[in-house]
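Okay, structure first, notes after.
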Amino acid sequence: MHRDQSAADETKEKLFQNADEHQSDSINKSTNRRKTSPTEEIEGGGEEENHNNPEVTFSGEADNEDGAINEDEEKNASTANMVPPADAKPRHLGFTRTLFLAVCGAMIGTGAQFGYAVGVMNAPSEVIKNFTKVIYHRRYNSTLTDYRADLLYSTAISVIALGGVLGGLLAGPISDRLGRIGLLLNNIPAVAGSVLMMLSKMAYSYEMFIVGRVLIGFTAGFGAVAGNLYITEIAPIKVRGSFGACFQLFVAMALMLAQVLSLDIILGNDRLWNYLFAVPIGFSILQVLLLVFAYDTPKFLLQKGRERAAERALKWFRCEKDNGIVQTEIREMHADLNNLKTDSVKISLRDLLQKTLLRKCLLISSMTHVAQQLIGSNV
């Protein structure tokens, strides 16, 4: 028993000595660490500080990660600004320089021709009637009665409607086939009609005058359809409705021009009245100069399968060099064309007259145009 007690005491003393040695070693290590330089302390003591202060170290790393994320976001934002998204909208929602020239070119040869042809016959009515009496006297050595003179004058005015009907009926098929070229070709009957009317005085032929009025009517009817179609297809979507007023605007301005030039002190007299009918030649020349370098409508080119030409045309009309914005509008045009193919229904003249809904639509549109004429807007 005594031996066992002494062995246990020796074991306890050894344990206490080992604990004291371990504690002294720890104290020496901490003292040496305090004596080291700040740089060595940061480098050498990083692991202990990581264990003792994990929040400080991890928060620094988080700040670095946040800074890197912010830099990446700024780069992505700048890249996004450089490349427009798929639904990018055009910056030009109104008139551009090239669009303005194209609209003016189309309207001068259509709306202006229409308005001038309607208004030019009013003021020099007595001069033209005297012209028919002179012709009748030269041919038959007899005096033309006022009634017949009025009848010939009324015929010369009304035949413009005959030419207008023919031009309006042919405008759609010709425009679908030729596009912008149809507008340029429309100047041929305009120039021919103007030349016939201008030379009718020298030739003493009121037949030439009447045929010239028919040709001018054809030009007016064709332009009323083709001109509106052209400017509607080149107009930006958000202002397309306001572009529809351009035709009537040019009609009104041409009416005013015709009334001014028809004054007796200018061209509406016995000596110069035939030169009134040379003015449409000037309209035709201006249209050719403005439209000869213009493009067909992008929609027309897409219908013909010429997508690259449609892109070039759209860039020209919008003054837009950004392919992303142009492609967005091209996709919208493709969608419109696809909707027309799938949703369009062919309506015959018989359907238009027999179906109640279509007949009402026809009646409303017809009465609107009749009312416009009856109030004297184009007189």
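Glycine too: its Cβ is placed from the backbone N, Cα and C atoms.
Just so you know, TrEMBL annotations never went through curation; they're auto-generated.
Taken straight from TrEMBL:
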COMPBIAS  1-24  compositional bias 'Basic and acidic residues'
DOMAIN    103-379  domain 'Major facilitator superfamily (MFS) profile'
REGION    1-68  region 'Disordered'
TRANSMEM  99-118  transmembrane segment
TRANSMEM  151-171  transmembrane segment
TRANSMEM  183-204  transmembrane segment
TRANSMEM  210-231  transmembrane segment
TRANSMEM  243-266  transmembrane segment
TRANSMEM  272-295  transmembrane segment
* Structure fact -> Other same-chain positions with a Cβ less than 8 Å from the transmembrane segment (151-171) and lying at least 6 residues past its termini are 117-118, 121, 125, 128-129, 132, 182, 186, 189, 206, 209-210, 213-226, 229
* Taken over the domain 'Major facilitator superfamily (MFS) profile' (103-379), the model's mean pLDDT -> 89
